[in-house]
Every structure is written in C-alpha cells, then in structure tokens.
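S.K.: Have a look at this one.
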Amino acid sequence: MQDGSLNGLSHHNDERVNHENEDKSLNTSALGDSPDSANRELIPSESKENGVPTDSIEGPPSKRRKLAGPDNSRRSTPRPPSPPWKKAGVDGPTSFLQDGKRRSSRVNAIPLELQPPSDKRKTRAAQRSTVNKNLSGNGKVVASSPLSMSVSQSGINGKHTGGNLTTGSPRTATPRGASARRRRISRSPPRQTPSRTRSQSSATSAPNDPTSHNARSKRSHSNVTSTPTIGIDELWNDIGGETDLGDEQGQRVPRLRIKVKKPVIGFQHPSHVIPPRKYNSFREWLESGEGRIEDGAVLTPEAALVEARKRCRVLEATEPGGLLSPEVCSAYLPEQQEEPPQQYSHQDHLVAHALYFKKLLDQEHRRHRNTARLLAQWCADAWRKRNKRPEDILREQQEEVRVKRKQLARDLQKMFDLARAEVDRMRLARWEEERKVEDQRALDRAIKQSTMLFEKRRLEILGETGSDFLDSTDAEESGTDATTSDAEEDESNMSSTDSETEDEDEVDDDEGLTAEELRQKYADLPQSSLVSDRESVASDTSESSDGTRTSHILQNIEDINDSQGETPLEQIELDEVDPMLLDDSEDESTDMDDDMGDSDEDGDADGTDSDDESDDGPGLLGFFSSKDRVLNDAHRFDDEGDDPLAVSNHEGGSGFDDDGQSVSVDEDGDEELEDADEVSLVPNGPSNSVSISQSTAEVSPVTETPDEEPDEQAEVVDTDMAAAAPSEGPAPLEASAPLEDLVAIDKRGDAMGECHRQQCSPLVNNLDEQELRQNGGASSEASPGTLATKPSEPESISSFEAPGEKPPQPSESPAPGLKTPIPHLLRGTLREYQHYGLDWLAGLYNNHINGILADEMGLGKTIQTIALLAHLAVEHEVWGPHLVVVPTSVILNWEMEFKKWCPGFKIMTYYGSIEERRQKRKGWTDDTSWNVLITSYQLVLQDQQVLKRRNWHYMVLDEAHNIKNFRSQKWQTLLTFRTRARLLLTGTPLQNNLTELWSLLFFLMPSDGDGTGIEGFADLRNFSEWFRRPVEQILEHGRETMDDETKRVVTKLHTILRPYILRRLKADVEKQMPAKYEHVVYCRLSKRQRFLYDGFMSMAQTKETLASGNYLSIINCLMQLRKVCNHPDLFETRQISTSFVMHHSVATEYASKEQLVRRRLLYEHPLTKLDLDFLNLVPISREDISRRLADDSTRLMAYGPFNILRERQYKRTNWQMMFDGSTVQSTLEALENDARKRRMAELERCLYFESKRHGRRPVYGTSLVEFLTADSKQKPTLGGRPQTQSLAEWLSNRSSILASMILSIEERSQAMDGYVRRFACVTPAAVASGITEAALTPIETRYLTEKERFPPYDPFHEAQMRLSIAFPDKRLLQYDCGKLQRLDKLLRDLKAGGHRALIFTQMTKMLDILEQFLNIHGHRYLRLDGTTKVEQRQILTDRFNNDDRILVFILSSRSGGLGINLTGADTVIFYDLDWNPAMDKQCQDRCHRIGQTRDVHIYRFVSEHTIESNILRKANQKRMLDDVVIQEGEFTTDYFTKLDVRDMIGEEAEAQDEASAAMDRVLSSRVATGGSRVFEQAEDKEDIDAAKNAQKEMEQADNDDFGDRSISHTPGQVGTPLATGPQEGETPGAQLITTPQIHGVDETVDVEPQPGHIDDYLLRFMEWNMKDEPLVLPPDKTKKKSKKGKEHRLSKRRR
C-alpha cells in the first residue's frame, strides 16, 4: 500500500485503471438504458461514500471543478456542503497570488507550494488513489457487466456533452439526436429540490464528449470526483420513480435570462474609502522633488552616510564592466542611423520573376483542374443520357413535372397578386368617385343654403319679409325636422320623385286640381303671401305642371302650420319638384347660377341619400353652433338686452316666433329654428314689426280675394313671367293693384325673346328688379303713395350719381331699404355706403351670424365698426364688454376714432409694460369701468390667460389677415375666446391662396362639440378640393384661359361667400374719390450690381443650394439677390481703399547696422575731448539767448542748495576708515561709508555742472540784436527802382494781377484743395515708412533751420493723405445703384410738380441708405419703422400731413402699412416688391383713402432681368386670384337689388382690370404674337415645365372624360366584361357577354355572343372573393403624424 492506495499501484496505473472503469461504467449505462438515455442525467441517484449512501442531486453548474473534494469520512449525514463551492471551513488560504494577480481559492486551484501542511490535505495522486480504492473496495464494478453504472455525468460547468465514451461496440454509441436532446434538457434541469446546490452538481459531473478526448485527458485530474458508484437496485428504483420525466421534458424549455444590477456595497467606515493617490505617476513624484535633498540643506550623519553609499555605488557602476559603464549602458550607444535603401539587384529581379512564374503556374493548375472537373461532369452526363434506366427516366420526368408545378404555382400567385392589386385599384377608384359625389352633394347643399340666405336678405332690402319664401325653400331642401311618421318623411323629401312614386298607399286629393281650384281651396290660409303666389306664378311649365308648382308652395305653407302644432291641412302629394325653382338662373356664367349643382336627373338618381344628408347639419355657412338653434338657447342673451323684438303675428297663431322665424320640431321633439332662418341676414331692427305689418297689408289684397277671374289667373300661371324686361315707364307696382295689372306688366317682357323665357328666374326676382328700376332708377323719381307705404325715396345706391353731391345727412328714420337707424350716440355723418354697411352688420348680429367686413382700405371700416357698437348700445342696450384687437401701430388711432365718433363709450387702451398692464387690470371686472378694450395681437398672446376669463360680447379683429394661418398661435389663441359675436375687418380677405380665406371663415365658424364642425368650411380638404381647379388655372395660365367648368366653380364659390362677406371698392362707392394710377418702373442694374449679381449666381454653392430644394436655403439665396437689386452695399459694403503698408522700407533695413558702424567709428567719450563751449570759453556761442533769460536762469540756479548738501555729506563721511572684514558689523560699516563717498562725489559733480550751465551769459543777447536790426525787405512804397533790377522785372513784381497769376506752392495747394479732395482717389499699391529719415541724414538735419523742419503749412499733406487712404465718395451711394439713380430723377420731378411721396421698403438697412441718399440731396424727410414707438407714430403722421415742406416719408412696409393715414402724400413709391401683393396694397391705401383730394400715382421699382421680375409675375398671379375670387364676386349691398335679365342669362361684360393690364404689359398675353415663346423668355424653366405638364394633364383629363361618355373596348381582348357582376353569394363562373346597350337608335343587328376573356373572369372572381375584405385607403400624405408626447421614443429601424 503506497500513498494510501488500495493495491499499491503507481500514479500511472491508477490513472489507467480509472479510465478503464469509467469507460466500462459508461458502456453499462448505455446498454442498460437505451430508451431513456437522454433523461438519465436528470435522474437523481444515490452514491455511497465510505459505505454510506448519499443522494446525488444535480444542481446548477459550477464555474470550476474543485481539485480536492470534501472529506466526508467524518460526516454521517448527506447534508450538502455550504457554501455552494466550498465548505464553510476552508483549508488553506482564501486567496493567493499567481503571476502577479490576486486569485480566489474558491474557484481556482491552490498550488501545492501554497497549501499549508495538514492531515486533511490530499494531493492529486492521493485523490485518484482514493477513487480507485473506493471503486475496488466496494467490489461492485465489473468491466464486462452491462449493469454496472458510473457516476451521473454532466459536462464541464454543468453543460452536458454530445455523447458517451465508446469501447468499439455499436450498441454503446449514443444517437446524435439523443445527445442533442440531452444537452437541451441539461441546460434547464427539471424539478429541483431545495437542497440542490452547485457543489453536488460539480461533484457528480463527468465529461462524456468523445470528440475531445485529448482535452479530457488533460483535464482528467480536475474532472474525476471521489463519488463512488451506485447500487443497481437503488439505481433502478430511482429510474422507475422518474421514468416519465424525460417525456415531460422532451420539448425544449425556454432559457430564462435575468439581468440584475451589480449590487453596490455602501461604505460602513471611513477607512473603507480608498484615499486618493498623492501622485498619479512616477514622473510626477520625480518632478515634485519630494525626498530630494536640497543643496543648502544640512544632513544628519545617518542621511549623509546613506547618500555617500549611494554615490559610491554609482561610481562603482561607472567603472569598466559596471552597469553604468559605456560598454554596458545603453545611454552610451550611438543613435541608430537610417540605412540607405538597398539597390534593386539581379537577385531581386530573379526573385520577382520566380514569384510571377509561380503565380502563372498556379493559375494554369487551377485552369486545368476546372477543365478536368467540367470534362468529368460532361462525361457523366453523356453516360447517363446513353444508358438511362427506366427508373432514371421516371425520376427525371417527375423532377421536370415538379419544377413545372412550382413555376406554375409562382406564376399563379403572381397573377392573383396582380389581380388583387387591380381589384383594389378599381375599388379605390369607385371609392374616390363616391367621395367626389358626396363632396358635390355637400357643395350643392352649401350653395342652396347660401342662395336662400341671399334671397331672404334681398327680399328684406326690397321691403318684403321673405319668410315664407325661405320656409318653402328650406322645406324643399331638407324637409321637416319633426318627422313623427314615415309618411311625413316622404312628404319632406322634395328633391326626389322615386320615394313619391313608390308610395302608392297614399291618395293625393289635390293632384287633379288646377291652380285656380287650389287657390280657392287654400285662399283662407292665414300665412298666404305674395311671395308664395309669385313662386307659383314663376314656375316653369316645361318642367312641371302648374298645379304641381302651386301645390309645392302650398305644401311649404302646410309644413309651417304643421310645425306650429295647428290643424294640418290635407296632405298633398308633390310630383316632380323643380330643383331650380329658387335659383336666379340656370346659366353657368351668372353669379347665381347652378345653385343646385346638378339637374333633375341627378337629383332623382340620388334618391333618399340627399334627404338624409340634408338633415345632417344646418348647412354650410351656419356660423354658430347647434346650441343656438334651439329656441330656448336663442333667448339666452335676454338678460344682456339682446332679445329680439317681437313681431306682430297675423291673426294670432301664425306659427312664427319673436324673430319672425318659423319653428319646427325635430326628431327628438325639441323646437328649433329652421336652418335657413337661422343663418338669414334679415336685420330685425326696431322697425321690424312695422315693416312686417306693412308687408302683410300689401299681401292681403291679393291673397284674400278668391273671387278673381280664373282666366286671368290662368294667364298669370301660363305666362312665363321670369323673362319679363323691366318696365321703361316710371309707373310703380302698387300693392292694391289687381292681378291683371301684374300680368300686363309682365307681358311687356315678351320682346326679350324666347330664349329669355326658357332661361328664367322666379317671378319674385323680376318684380323686385322692376320695383328697383321704377323706384330707384336714374331719374331717382319717388313713387306715389300706396295704401300701406309712404312715398318712397331712392333706395338703390346706384342713384348716387353726381360725385360732387353732399353725403346724406343723418336722420333718426332710416333710408329706404335700410332697417337700421343711425344711433344717436354717433357723432358725425355716415356716408350712404357706410350706412348700408351698418345695416348689414346689424342684420348679421340679429341673426347670430359672424361676418367679414372686407371693404377696400380707406372706406371707413373703423367708423362702421364703431357705429355697430353704438347701435348695440342704443337699440339692444348692450354696452359691452367688447374686445378690439388691432396691430400695435394703430392702437392710438383706434382710441382717437372712438373718442371722435362715439365719445359716450369708455375706452381702455391695453398696452404698455407688464407693470402698466397689471395696473390697468385692477378693477376691470366691473362692467361700468369701461366698455371697449383695445389691445394688440402681441399682447393678446402674452396675456391670453387673463383675457380668456372675460366673456366678451363682440370681438373685432382689425387687419384680420394676421390670423390667415390657422396653424399660427394667434389664430389658435383667439379661437378659444368666449364671445357672443365676431367681426373681421380686412381689406385683403384673400392674399395668397384659398386656405387663408378658409382660415378666416372657420375662425368665424368654430366647429361643433363633436369636433366635426359645420358642414363645408370645417373641412379644409373638401373646401380645397372643391375650388382647387380654378386656382390652379388662374395661377398657371391666367384668367383669360378659364374654361366653362372653372367659371362655374368660381360662380359657386361666389354664391357660397356672398352672404358673409361685404366688399365695396372705392371706385364704386366713392364717386368723388380721386383716381389711382399704377406705374411699373424698370431700373437697369449698375455695373457693380451686375458684377455682384452674376458673380453670386455663378457660384457653385449657389447652384447647389438652388438645386437642393431646401426651402430655407433657397429663400436665403433669393434674399441675397434682392439685396443686390436694392443696393450693393446691403450685399457687400464698399471698402475703404488703402495702400499696402510695409513695416520696414528697404532703406531702413540697414538702420541698425548703420547705427552700429557710426557708433563704433564716430564715438567719442565726452571726457576725453575738451569742450570749450561747456567751459564758457566761446562767448559768441551764447548769443541765441537774451540777457533777461540769462539773469532769470542765474536767479533760479541751485548752486546754493547743492553746496549745503555737499557740506553735510562731507561731515557725515569718515574719510579715514579702511575696510575691516573681521566681523559682520565692521563690514557693514565699511560698505555704508563707501556709499556716502559715492553720494559725495555725485553732489560735487552736480555742483560743478550747475555752476557751468547757469554761468553762461551772452555778450549782446538776442534782445539787443533785434533792437538794433533793420528789415531790409520793408521799403517805402514810393521807393524808386533799384539800380541792379531791370524795369520789366521791377514792374512785374509791383503788379497785383501778375502776382495773383503766379502763386506760391502754399497758395497753389490751397487753391487746388477742392480738386485734390474730389479727384485724389488712386492710392499707390504700396507705401513704406522711414523714407524721409533715410533721405535726411542726422548730419544734414542739423543744418536745417527749425522753421524749415516744422513748416506752418504743408501744401502736400492733403494730397498725401488722399493718396494713402481713399474713402468712398458719397456720390457713389447713388451711382452704385440703378434704383437710386431712377429715384433721384423721380424725386426731382415730384418736387418740381408740388407732389409729396411715400417710399416703402421691406429692409430696415435700406431705410438707412435712403436716409443717406436724402441727406446728400438735401431733401426733408421723416422715417417710420418697427422701432418707432407707438406714441411717436401718430405724431409723425400728423407732422407729415400738416407740413408741406417735408417731401418724403420713408417707411417700412411691415410696420408703416397698417392703419396709418398719410393723405398728405399723393405718390407712393415701392422701392422693392413684397412677396405678398396684399401688403403692397395696404401700403398704397395709406394715401389713397377718404380725405385724399389729388390723384394718386403708384410707382413700383423693378430691376430688370433679375429675380424681381419673377416676383412681380407671381404678385400679378396672386392679384388675379384675388380679382377672380373676391373682386368679381360683387359682395356688395348693390348686388341685392342690381340683378337684371342679362345677368341671369349669363351676358357678362368682358372688362379687364388693372392687374390683368399690368400682366399683359409685363409678360404679354398668351394669345398675342409670340405666344408661348414670350412666356418662355419671361418665366423660369421650372415654371414652363410645370405649365406644360399641367396642360398635358388637363388634355388627358378631357380625353378620359370623353372616353367615359363613349363606347370603349379594351384593345387586344376578345370582349368587354359584364357591367354587372355576379349576384351576391354566388361564385362567378364563365359567362357569355354581349355588346353593351347604348342609348341611341335601336338597330336590328344580329350579334353572336362571344366568350369573355380569362382575365375578366379572374378579375370578377377576385372581386367576388374580396367583397368581404375592407378597403385599405391610401395614407394621407398631407397629414403629419404628431410627435407630441413621443419625443422620448426613438424610431426603430426596420430589419
């Protein structure tokens, strides 16, 4: 027994026996459990150590295997060791150092030399011998026994390997799948007991990977444990108990990964904190000097001894052979030198050639191998083709069929995908068509609503109520809201005949009655009116019968009575309603055309859909929420004094509310106002009851006389009264006249022709127009009195003829056609059109409608607004609070206007600093403190939280184009204010596009509570889609090329906007307004401008920027170009010209050498040479001083004080003392005595110099010499000619004229000073300093007199300065810019003609240049820009208007174009053009407004052949859009009474406005000579391409439309698919198709049926298959996803 082993074997034999036992045990395990081999590793087994059985439970894998297992001989219980990797009692150190690194002994093997001597320690050999002893001692392991088992095995670190060790038998090999499954199971062990630990897993694991035998043999010492084998009975018992475990764990268990943060151990003691290093590196320690001994320090004996030893060691090391010797130390080695490059020798050539040859051989070998491989393949293929077996042929056929089947499947899949895409495209096209139809229906409803509102307002202006008319039209459109049965719903559907014809159960008693019988039947109805009769009379006989038209009107009356809860009339079945009954015309070119949008066929095709849609909302332009439509909510302002005036009802229960509006019951039973009445424009003023009673009196003679002759009434019905021309005579239409007179009047219109009769409007329009012509014609003749009216006055503003007439005087009674009197609070006189504007605004307020007052600037929108607020205070007793938001520049202007026109209002101007505004807000909740608050847009944004707390009654926004962008903060903030009514004031409602107009309209019409908003304007997409086509055509091709469809769309837009926009022009309402002339002045670029412009455009960076498409970069480039056009100094400042200054000239480079030479050669010590002058031995050298000066110098001499100091110093000095250095004290005294001697010598020297310097005295002195000197130049005047001078010379010297002609240098320099200043501009290329000093040497300088060295006047100084530095000439400011040159000429002409001008520009720096320009020319001017304070603006405007000496007022177009009255000027000059032409229009209206007495001329400066030409073109396009949409819409009060037959039938006067004329002058007309070539020259290439593409798209669209109306066959196909698909629920099959039926002449042609195409069948099948799938709509690219709240999320990339 050796080393404790059982058999005394060596270590080598022990290892061999251990391997054999291990292999045998593995074979046994493989044989014994082949079906469950994969699960056996998971089965807990028992092991016996020293005869004691223990449970071996697999646990989590350990990091490293222990080298020495625990000693379990003393432990009798199977308790696992703790902690997991080691026992609690650790044998040996817990850590050790290995290779300089600290390692833990828990996971690393402790080296033998570090392990302490102990009885428990076991070496590796002892460990292996212990294992062998246990194995052999138990006697249960037999190599040949198949039942022998080894220890349970697991891979290293708990991972099982892929197989077992084999002994050559095939039965012992574990299948690969089983091993893989064993690996998967081992990673996630199943049910673990709480006692399982990592130590058990490591103790019972062994390697079993056959592929890594070498690695396993190397790790065998650490992998083999001391666990003995298990008994067979106990093993199979355990296996039986866990048999089903492998089945449960057959599938892979997901691996869980839990990430936890590394725990942070807190500091429990101050010593735990590691102190920072004092030095970060050895170099820092060396540099710090710590530990170094200073040179002057005193060392202790011990330190001195240590230092001596170190030095001795260093000396020894420097000896030969030492470490620091030159032979050993590397410091003495010479620096390595770079070796020269070796020459390319023959050997290098040989090697390179050999390598190249090797490369060629390799390529050849590869080529040969590839060729051989291909040849072998070819041979194999040929052999297979020659000798094919039947099974090979069958296999090839099967393979070919399989490939074809796969390809066919792919082709079918691709075909079905294409079919699916085509079906989706067809479905999407159908969806788009349906959406277009829905949009068109919404547009038709909007037009119908606007038409009804317009007609009602028109009737009100003409003196009629119009309530019945509006009720009838409303009933026609949307039916009755209160539908209690299906029959009533069918009755209310006025636009479809399908529902009427399908309802066969109801019997219409009135269907067979004539018009006369119906009148007799319904003659006693209380609400019969003249309007109803006129509508029945004006019915079109070609479309429907007379009885039907009359019954239609009576049905409306019945609906009104039904809605009031009265006894309903007998229900009338209506047949074929004319949708154009209430329209003014069917022509496409009139303003009231095509109100219904489609014809009767379209209305019939819509069916009940239009009825359903008409009940959805109140209409397009209802500018208030649905809350206001409830009757109870309509009176919610009663407490504010805003309750409508009651109207006297006719015969008691007339079914009208207080406002004269009909009441209907909706589906819920609530009473609401009718939709059309809700948005009506009828002004219910104080005289409303009187007017209605008068209208009732007028109606009664006609409606209450059933005894009229039937023939006359039939004649009225049969005669088409709509085309009757206005009567030429002045005979008025009396309300009491019989019906025959009406027929006689209408018969006079038969001369207009049959075409007028066919295209007519209702009779009410003709009668109204006739009354207008009779009452307010050119003669302005008043009509005679009638039964119910007083003698009328001219009620049309067209009667205002003479421009020199005085404006109408205010009166308490309103003018004819006006229901609103001028409030007595208003001071001053309203003009007639302003009174009409007040009436229009009052009508909007009475009907709870918001509007836009868009009068041209200068017509008094401010006065009309003030009059409206005064009207509310007088008539409705509503004093406020009102909010007026204006630009900052006109706050004080509004305050002055309020105090001037309505001093009864209390005004608060809300502006100033934060503290001032806080003071103004104190006590402002009291309504009596102020009535109107005037503030600016900026302050509204700043103090929005405070302003939102108030409930404002009326909110007025001046210059409302500030909220044209609905995305801006201003728009969104003001939209949330709580107001009763809103009014927008703007002179430019349309500036750039229709979206801005939509923003204004939506601001007046906020959306409902559900978020959908009122139909129409609340949907920007629909609004833009409706009117997109005319906008594109106008901007791209001009207004002259609009087609008929575009004109119809524009007319529809006018119809929608007309009730809500009031727009009057100065030329229409102000006849005395002076004319306005616009001029475009083209200015050439100067040479400098052209150089800068072309240079900037030719830059590569500019071209890249313009081609990049970046909006901001392009705008920046355009702004730079505009700066060049305005003035080159804005782009690049003209530099001050200076010469290149050399620091040192060539002559002065040798100054230092010259000084050195002179000093060495000419230097003389002053004491080596006798100076007689210093010794006063040269008496005549002192004659330059006077005797008095010499006496003063002697008197001030310091000889006496110096002598006293010398005596004192002499006494203090010890002249006998010698130097004694024995002691410190004696040394210091000797040094001090030497210093005294030096001071004594210095005093003596000063005393000597003082005596010599002040002892100089002159012999005569300058005073005596000057006294005795006589001036030889001053001779007497009468002196004779000198004998030495000739007579001619003497006479020339005496002549003053000749003396003036011959000037000296100084005089000539002074005379030429102006020329030098103006023309000395060429500076030398370079200048150098020191030339004068080099030219005048010091020796020569001493011979120059003082007078010559310092002359009093230098004649060349000015020329020298001008030629050394040249400032730019002031005149270059003008000559560098072509615009300023043209402006100079224009200002001189204006000043000569007595005109005054306003100059507008966008750039503030340009204002600075204009100031310099005006100062140069001496023009008086004023300036106003954004930095001007609010208080100063009004002062400046008043000063300019009152002082005629001021020629020019220069302003910024952004700040000086808002609300400023500058009528003192009659000329407007736009120095540069604005991107937005509306801004220029506002600027020019600063002087062209009320109060201007002279014609206004407007000049626009445009630099030719530059970007400004394109800006002008774009501005003209925007002006044309404004002209077409706004100006031609005739949104005036005249339009209510100005309609005639010519307007109705579409005869428009083709007149060009000023914008079109300017466009023709600049770009010519498209129809002129040159055509497209002229456009190509004027426009950019991008614009030309865009126009051509748009033209192609239009042509293609026309072709498509034409193709839709014709028969189309798909080329290349046999037939056309069926129009109707298969029935729902049926699978489409192969069907025969015939020629489609076409509406035309039926011809008997025999057509044989032809089979359809397979593609058509596929499309039908796919469409049937996809019928239940939802349609995927394309994403809306215009909508941007909001990132609000998602800023923290990062977008993930798609992989």
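Residue positions begin at 1 at the first shown residue.
Keep in mind that glycine also has a Cβ here, set from the backbone N, Cα and C atoms.
Quick paste of what Swiss-Prot says about this protein:
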- Asp855, Glu856, Met857, Gly858, Leu859, Gly860, Lys861, Thr862: ATP binding site (BINDING)
- 1-10: compositional bias 'Polar residues' (COMPBIAS)
- 11-25: compositional bias 'Basic and acidic residues' (COMPBIAS)
- 126-137: compositional bias 'Polar residues' (COMPBIAS)
- 145-156: compositional bias 'Polar residues' (COMPBIAS)
- 187-207: compositional bias 'Low complexity' (COMPBIAS)
- 499-514: compositional bias 'Acidic residues' (COMPBIAS)
- 538-554: compositional bias 'Polar residues' (COMPBIAS)
- 572-616: compositional bias 'Acidic residues' (COMPBIAS)
- 626-638: compositional bias 'Basic and acidic residues' (COMPBIAS)
- 656-678: compositional bias 'Acidic residues' (COMPBIAS)
- 705-718: compositional bias 'Acidic residues' (COMPBIAS)
- 1678-1695: compositional bias 'Basic residues' (COMPBIAS)
- 334-408: domain 'HSA' (DOMAIN)
- 842-1007: domain 'Helicase ATP-binding' (DOMAIN)
- 1382-1532: domain 'Helicase C-terminal' (DOMAIN)
- 1-229: region 'Disordered' (REGION)
- 467-738: region 'Disordered' (REGION)
- 772-821: region 'Disordered' (REGION)
- 1590-1625: region 'Disordered' (REGION)
- 1669-1695: region 'Disordered' (REGION)
S.K.: Suppose the ATP site is Asp855, Glu856, Met857, Gly858, Leu859, Gly860, Lys861, Thr862. Which further residues of the same chain have a Cβ inside 8 angstroms of that site's Cβ centroid?
M.R.: Gly987, Arg1489, Ile1490
S.K.: Within the domain 'HSA' (334-408), how many residues are helix, strand or coil going by DSSP?
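M.R.: Helix (H, G, I), strand (E, B), coil: 60 helix, 0 strand, 15 coil.
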S.K.: Can you work out the mean pLDDT of the predicted model over the domain 'HSA' (334-408)?
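M.R.: Mean per-residue confidence for the domain 'HSA' (334-408): 91 out of 100.
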S.K.: Going by DSSP, give the three-state secondary structure for Glu856 (ATP binding site).
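M.R.: Assignment for Glu856 (ATP binding site) reads coil.
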S.K.: Which residues in the same chain, at least 6 apart in sequence, have a Cβ under 8 Å from the Cβ of Gly860 (ATP binding site)?
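M.R.: Long-range Cβ contacts: Arg831, Gln834, Ile1490.
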S.K.: Fewest other CB within 10 angstroms, which one of the binding-site residues Met857, Leu859?
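M.R.: Looking at the binding-site residues Met857, Leu859, the Cβ with the fewest others within 10 Å is that of Met857.
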S.K.: List the residues of the same chain that sit at least 6 positions away from Lys861 (ATP binding site) in sequence and have their Cβ under 8 Å from its Cβ, in sequence order, or write 'none'.
M.R.: Leu853, Asp855, Asp958, Leu985, Gly987
